[in-house]
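According to TrEMBL, the features are:
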| type | residues | note |
| --- | --- | --- |
| BINDING | GLY118, ASN171, VAL172, ALA173, GLU174, PHE175, ASP176, ARG177, ASP240 | (6S)-NADPHX binding site |
| BINDING | 211-215, 230-239 | ATP binding site |
| DOMAIN | 16-315 | domain 'YjeF C-terminal' |
Amino acid sequence: MSKLTPRQQEAATVPTYAQYRSLIPPLSSGLHKGQGGRVGILGGSAEYGADICHIICDEDAATTIKSYSPDLIVHPYIKIRATTDCDDEKKTKKIWTQTFDDICAVLKRIHVLVVGPGVSRDKGMLQCAKHAIEVAKELDIPIVIDADGLYLIQHEPDLVQGYTKAVLTPNVAEFDRLCNAKNVDTDDEDSDEPAVQRLSKAFGGVVVIQKGHNDVISDGKTLCTVANEGGLKRSGGQGDILTGLIATSLAWGTAYEKGVWSHSHPVSSEDIALIACFGACVLNRECSRVAYEKYKRSVQSSDVVQEIGGVFTIFYDKARPNADWGEALYG
């Protein structure tokens, strides 16, 4: 459960709107393509606001994924069928070596890696996901892990142990499985720290977003709750939208940290991930709310995506830089 006890709720904090806003690159003729964020996705998903999106996928899925949007850069480097059907061990090894080299080349070009949506639990796909995570850690780039990526972490938690640029986004069932993997008691209501905070600590400070009625976020040190109203209809794909917003926010945070545009560094480097995740959760809920108000029970995830531009116009273009969250969201 993401519900906190009164004592735990008192310990929760809320980053300011101004802090999140400071991570968002201004639209400027002084910035060139890619400086606003490059996101790489191993599996399949979509991107919502970064400049460039790279999809690393199985070759049999490439045409379908490319058909979603001409804006996606699709890399069909994973060859599950070719390796499964091949009886030549030497040839199979050569294919996997080339696949890993190709994945590494893409990861060197991006600011954030997403692992999970569309990965499936195929052994070969999970091996590619594992390799991508290990390379991303070597490159010191943020990693967002969702869906079947969390299945991988559940069974191999050391993959992200102590990597504070990793973000885990479990739903209720996934959260329980991760807690079991790290021996975190989810029923300990007497603890001053909720399970999400203890799970983050058990992972060595990775950011954990416990999705629920309220989204609860922790990096092991700080606890935040996101409670603005969302839509009442849950449909497949809404979790992928949140993952895309998180990845984009983290890519912006990377550009902010590198000083791509001139600013006074109001947010410290160690707080970027938590603030980026908080803002992404807020925006995701608002887009869901607006879409639900229009379509009610018939709302689909594609309707939520369509609201991102309009919501962001109110949230960023029309809001005062020092507004509070309510003013930024609702005007």
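Cβ atoms are placed via backbone N, Cα and C, with glycine included.
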Report task. Would you kindly give the Cα-Cα distance separating LYS211 (ATP binding site) and GLU174 ((6S)-NADPHX binding site), rounded to the nearest Å? Result -> 10
Report task. Average the per-residue pLDDT over the domain 'YjeF C-terminal' (16-315) and send me the rounded value. Result -> 93
Query raised in the report: Can you name the binding-site residues among LYS211, GLY231, GLY239 whose CA is within 10 A of the CA of VAL172 ((6S)-NADPHX binding site)?
Result: LYS211
**Report entry** Maximum Cα-Cα separation in Å among residues GLY118, ASN171, VAL172, ALA173, GLU174, PHE175, ASP176, ARG177, ASP240, which the record lists as binding (6S)-NADPHX
**Finding:** 21
Report task. Would you please pick out, from the binding-site residues GLY118, GLY231, GLY237, GLY239, the one with the fewest other Cβ atoms within 10 Å of its Cβ? Result -> GLY237
**Report entry** Fewest other Cβ within 10 angstroms of its own Cβ, chosen from the binding-site residues LYS211, HIS213, LYS233
**Finding:** HIS213
**Report entry** Neighbourhood of ASP176 ((6S)-NADPHX binding site), C-beta criterion under 8 angstroms, separation at least six
**Finding:** THR186
Requested in this report: May I ask which residues of the same chain, at least 6 positions away in sequence, place their Cβ under 8 angstroms from the Cβ of SER235 (ATP binding site)?
Outcome: VAL299, GLN300, SER301
Query raised in the report: Could you tell me the C-alpha distance between GLY118 ((6S)-NADPHX binding site) and HIS213 (ATP binding site) in angstrom, no decimals?
Result: 25
